[in-house]
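If you look up Swiss-Prot, you'll see 1-13, 75-84 marked as compositional bias 'Polar residues'. As annotated by Swiss-Prot, region 'Disordered' applies to 1-27, 65-84, 219-239. Per Swiss-Prot, the feature region 'Basic DNA-binding region' maps to 12-38. Residues or ranges marked as repeat 'ANK 1' by Swiss-Prot: 241-270. What Swiss-Prot records for 274-303 is repeat 'ANK 2', and it gives sequence analysis as the kind of evidence. Per Swiss-Prot, repeat 'ANK 3' is recorded for 307-336. What Swiss-Prot lists as repeat 'ANK 4' is 357-386, and the listing cites sequence analysis.
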Amino acid sequence: MSPPSQDWSTITDANERRKAQNRVAQRNYRSRQKLRVELAEAILYDMPSWRTAVGLKRKRWLETPQSVEDHDTNPDSATPKPSLSSQVIQYHEEGQLVQNPTDFSMSADADVTADVSSGGESSDLSLGVFTPGDDWMNAEIDWTAAMTLAGDTSASEPDLRHRAVGPGNDIHAQPPVSIPVQAASGQHRTLTAPTPAESMSLRTEPPETAVITVTSNREVPNLGDSNEGSRSISTTKQPSEFKTPVLTAIAKGKLDIARLLISSGANIDTRDMHGRTNLHYAVSRSDAKTVRSLLELGADLLMSDASGVTALHMAVGADDQDMVKLLLGWCEQQDRTASSTDHKTTLKQCINSRDGQNMTPLHLCVVMERMDMLKILLDYGADVNIGCD
């Protein structure tokens, strides 16, 4: 048990003095919290929806007007704590509210506490005068109805609910329940009380995990209407591409392991459900290192997905000039090292390939008005006469 404030000077140990001060501060905090709870029960006593919750405490308010903190009151104090029920609420014999809860203020005479930095000297903690505020609101009580009963019509219902719940919590939409209430002035008002589900929803809940699908919109040529220069298509990016041992080896930079797997029968051009290969995904990520490794291991650059889109179409659509130069440069190198003239057609086939709409990368670039990309394709010999059917 902590010593009185006048005996703190006898405690020479700083840790013991600090513990004693903390105990007094905690006792004062509990005292204030109990006062606030009693005040809330008094305000809501005449509300029909809450009569059951506080009905058992009516007798204490009417017949036993004593401080709720008698056990914490300093016995040496000349002025004991005032009775909360005598200051806050007065009732007729019928139990009707006759004093407006907002017309009074309550002064909390806190116990004497000590300042830790004062070296053991005690200082009085004066709380001053406080009125019902946001700091003691209970989220499970309908404070909208309480404020309306008290005559506070300056704030709207959403604002009052914001006070009760706080800015960080959400209120689930529930059908409100209307209840009639008779105020002290005799006027009948209709208040909105929360449903049980709404009361439960006022408590803070952890956020739920959401699954997000990333969608990118790109402008591509509109072949159906010659008056429009472009159209927008939605390309949904899968959360993760399919993985194979070969691709794992490439991702780790172990091309010797990848070659061993390929020589053992591994297919480097395995398609997924959309017809895309590892090369398609590497190009879409602008992963030049993986693209170069896949091409060196024999990936087919001319393979298209279910929509007829090749890796070059994908790079042109993304306006990835470096990737386009990498793909076309690799095709040009393949043609230079080809043994016969018949096999020197890789660049031509790649740059003039058509997608599902019979569009070449050059045609796609023209419709999307990408001048720099168009110059790159022309430098590599793209055919300007190939059109759509």
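Cβ from N, Cα, C; glycine included.
With DSSP states grouped into helix (H, G, I), strand (E, B) and coil, the repeat 'ANK 4' (357-386) comes out at 16 helix, 0 strand, 14 coil. Proximity of distant same-chain residues to the repeat 'ANK 3' (307-336), defined by a Cβ-Cβ separation under 8 Å and at least 6 residues beyond the stretch ends, is recorded for 218, 220, 275, 279-280, 283-284, 286, 288, 291-292, 295, 301, 343-347, 350-351, 353-357, 361, 364-365, 368, 370, 372-373, 376-377, 380. Helix first, then strand, then coil: DSSP counts for the repeat 'ANK 2' (274-303) stand at 16 helix, 0 strand, 14 coil.
The DSSP breakdown of the repeat 'ANK 3' (307-336), given as helix, strand and coil counts, is 23 helix, 0 strand, 7 coil. Remark: secondary structure over the repeat 'ANK 1' (241-270) totals 16 helix, 0 strand, 14 coil, with classes taken from DSSP. Note on the repeat 'ANK 1' (241-270): mean pLDDT across this stretch is 81.
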